[in-house]
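What TrEMBL records for this protein:
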- E47, L393, H447: Mg(2+) binding site (BINDING)
- C66, C69, C441: Ni(2+) binding site (BINDING)
- C69, C444: Fe cation binding site (BINDING)
Amino acid sequence: MTHRGSRVLHVGSLARVEGEGALHLTVEDGTVTGAELRIYEPPRFFEAFLRGRSYTEPPDITARVCGICPVAYQMSACRAVEDACGVTVDGQLAALRRLLYCGEWIESQILHIHLLHAPDFLGVDGAVELARTQRAHVERGLRIKQAGNAILEQLGGRAIHPVNVRLGGFHRVPAAVELKPLAERLRRALDDAWQTVCWVAGFDFPDAGLDHTLLALAEPGRYAIDSGTPTVMAAPHTHGLPSTSAAPLPLRQFPVYAFPSEVAEEQVPYSTALQATLDGGRYLTGSLARYAINGRWLSPLAQEAARAGGLGDPAAGKVCRNPFRSIVVRAVEALYAIDEALRIIDAYEPPPCPYRDVPPRAGTGHGATEAPRGLLYHRYTLDADGIVTAATLVPPTSQNQGAIEEDLRRLVQARLDTGAQDTEAELTALCERGIRNHDPCISCSAHFLDLTVDHARRSPPCP
């Protein structure tokens, strides 16, 4: 990295990440002075074309934002609209929603682990090559993912963009007997998920840490998925700790309706995605944040898996701040989702009606749930006839964009400090790994990365 000027490296595909973007690094005399994750996909205008639509439509419309996490958008939309209408869904209907969400967690986390992230640790280019050398692991991942898809098909009507979700509940709910074959499949998947935890725990993880504020929903008594209170854990540096610290730090909470006043969104000139700040700084949401804030509420089996996976004891509050180990945390979360799905099925009794009536009323409602990639917030304002007059969607990847940029800056700087003379191909591979640690879902379109490394030299000071 001794050359000067600006060189552009075109990578035909940023493999194993959903979305389209570019990374621009500025290096001055061996110091990374800037890192910009440029998301340049055309804006999708969901917030705009939700205006003027009936209050019953956001769950179906927003599900189209993402083909991997449609349930997250449906659930956040339902919670926000129901909040505006003064309706709370509870009992078995709420349990079925959580079961549906477990299905999405299973399929999404396992997709990332086995097909997108694991190749980074095993020296292969992708899942196809991985299947040639470690076929059993890929097949196991596909079996687990199919179990998650089976939940979506059973409760949602289909695995992609489910059609059975509606305000107040579902169009149709299953009989208890219909869930028995699903339970048998999930029990087999639970054994597979344990093997996946053990598999990824054996990877070689670079030493790394996160010095970010963490944000996740929290719900006492259970691991937050479909509901909870936004909860913030302080960054290590605020307590004089290194970024690699596993210590739990003080928490603070704020109500979901305060999200717009706590989290500020801003447009940056190099990205079509808004960036978000919390308390004026970058923050991280997603698996590492959830585990740090909610680890003690994992099921006993999932806590045992966390200990077996080298994450320490979540019951004692141990936190994982190594972004490379996020693959282990996701494996534990997938196992938890299977375990939780079985618990819900075992306790299931069909409700007398598949949905609660949700009459329209004027007002503003807020909803937040935990998508696999992090906290997803929706806000809708309705008029007296139930017409949407304003809509706001804050997805996890836009919230994480600033933190990802900072992690990339630190990652590249640490590499430069070793004196390594990496080619730009090697630097690109390093940055891709850093991005995949956070599993960003930029969109569900083509995959592409342009990496521009601007090797500049500072002008000497004036005499």
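Cβ coordinates come from backbone N, Cα and C, glycine included.
Spatially close to L393 (Mg(2+) binding site) yet at least six residues away along the chain are F46, E47, T62, V65, Y73, L376, Y377, H378, judged by Cβ distances under 8 angstroms.
The Cβ of C441 (Ni(2+) binding site) has 25 other Cβ atoms within 10 Å, all protein chains considered.
By the criterion of other Cβ atoms within 10 Å of the residue's own Cβ, the least surrounded of the binding-site residues C66, C69 is C66. All protein chains shown were included, and the count of other CB atoms within 10 Å of the CB of E47 (Mg(2+) binding site) stands at 17. Under the DSSP three-state reduction, C66 (Ni(2+) binding site) is assigned to coil, being neither helix nor strand.
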